[in-house]
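Okay, so here's the structure we're looking at.
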Amino acid sequence: MRSSCVLLTALVALAAYYVYIPLPGSVSDPWKLMLLDATFRGAQQVSNLIHYLGLSHHLLALNFIIVSFGKKSAWSSAQVKVTDTDFDGVEVRVFEGPPKPEEPLKRSVVYIHGGGWALASAKIRYYDELCTAMAEELNAVIVSIEYRLVPKVYFPEQIHDVVRATKYFLKPEVLQKYMVDPGRICISGDSAGGSLAAALGQQFTQDASLKNKLKLQALIYPVLQALDFNTPSYQQNVNTPILPRYVMVKYWVDYFKGNYDFVQAMIVNNHTSLDVEEAAALRARLNWTSLLPASFTKNYKPVVQTTGNARIVQELPQLLDARSAPLIADQAVLQLLPKTYILTCEHDVLRDDGIMYAKRLETAGVEVTLDHFEDGFHGCMIFTSRPTNFSVGIRTRNSYIKWLDQNL
């Protein structure tokens, strides 16, 4: 009996040691976030072991775990009709809100899920619940795109998928089928999905047949650049769940089918050092010392290497492509974008990407709403139902839907 108690105590202590990580006091529901982070770290470690044993790619294994525990079939309710179909060969899940006699045509949001271009699905519970809520509360048609993921495809195929599906949806006959008002359409996405949404928005401004087709864009803690991994938010949140800096840099390398040997050099900005001529012209477009308010720069210092590794940009020229990094787009492109909503979270390495993009858009003459949550963390908006419900998740979702309701 005594030995059992000792063993149990030891196991509890080990579990507590694994789960506990120091978190800022201002983050929402810290103990719940620790448990969520421990669960995700555990799944990552299992998938890394599977990869090491040569059984499967670690991202395929990790996504199998995520989707297996969270996949939801297309289930319709009295309020929202849900169907799985495809738009020009790209899988989508469509959510149709309840009809209103006084409004025969509905507004619509094309939504792109996050997951580092490699994980999650439009068909998992978190995104299904988000899109269902949007369809019901906005009385809208929500098109959630199931784009192909790394490692099955790499940049720019994810962008091609979302552009192809959205172009198909914008056809007059398709909009008529779903009873959508062609003047009330928004493109939106979170995290990597926010990156894809921003890239799509920019691409549409450069296509005469698609210009002015989108009324709004709404970007939720978007990934917008890979040239500076030492912005104040990257420095402040270097180990903050659920997206530590090291993990984000690896997602970028995976997106470009790059070499993991580059990760450590990229973390210290060796890929954009002063001797890397290819990056020189783009530095001003993400100069956070001028783009961020003093309340965010605090006492952080820029990390600019004099000499670095030019080979990284030479082997991964995608780093300098505005389709992967919308923050570095030309001002002439930005000024053509529609009214924009950007949601950022204090405890997120990507915080400054969103804030800098908001500033560049404002400078270009675009109307921007920057919605910042002091207790938010990366990914929080999809965590709104038990057991992974967070106070800030509910508040961010409500704020996002409220903005759509008022502007779409």
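Glycine too: its Cβ is placed from the backbone N, Cα and C atoms.
Lifted from Swiss-Prot, the feature list:
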type: ACT_SITE; residues: Ser191; note: active site
type: ACT_SITE; residues: Asp348; note: active site
type: ACT_SITE; residues: His378; note: active site
type: CARBOHYD; residues: Asn270; note: N-linked glycosylation site
type: CARBOHYD; residues: Asn287; note: N-linked glycosylation site
type: CARBOHYD; residues: Asn389; note: N-linked glycosylation site
type: TOPO_DOM; residues: 1-4; note: topological domain 'Cytoplasmic'
type: TOPO_DOM; residues: 26-408; note: topological domain 'Lumenal'
type: TRANSMEM; residues: 5-25; note: transmembrane segment
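Checking each of the recorded positions (Asn270, Asn287, His378, Asn389) against Asp348 (active site), the C-alpha distance stays within 10 Å for His378. Put simply, of the recorded positions Asn270, Asn287, His378, the one whose Cα is nearest the Cα of Ser191 (active site) is His378. Ranked by CA distance from Asn287 (N-linked glycosylation site), the recorded positions Asn270, His378, Asn389 have Asn270 at the top as the closest. In sequence order, Gln305, Gly308, Asn309, Ile312 are the residues near Asn270 (N-linked glycosylation site), counting only same-chain partners six or more apart with C-beta under 8 A. Cβ contacts within 10 Å of Asn287 (N-linked glycosylation site), excluding its own Cβ and spanning all protein chains shown: 13.
Of the listed recorded positions, namely Ser191, Asn389, the sparsest CB environment within 10 A is found at Asn389. Long-range Cβ proximity for His378 (active site), meaning a same-chain Cβ under 8 A and a gap of 6 or more residues, is found for Ser191, Tyr221, Thr240, Pro241, Ile242, Leu243, Cys345, His347, Asp348, Val349, Leu350. According to its DSSP assignment, His378 (active site) is coil. In the predicted model, residues of the topological domain 'Lumenal' (26-408) average a pLDDT of 96.
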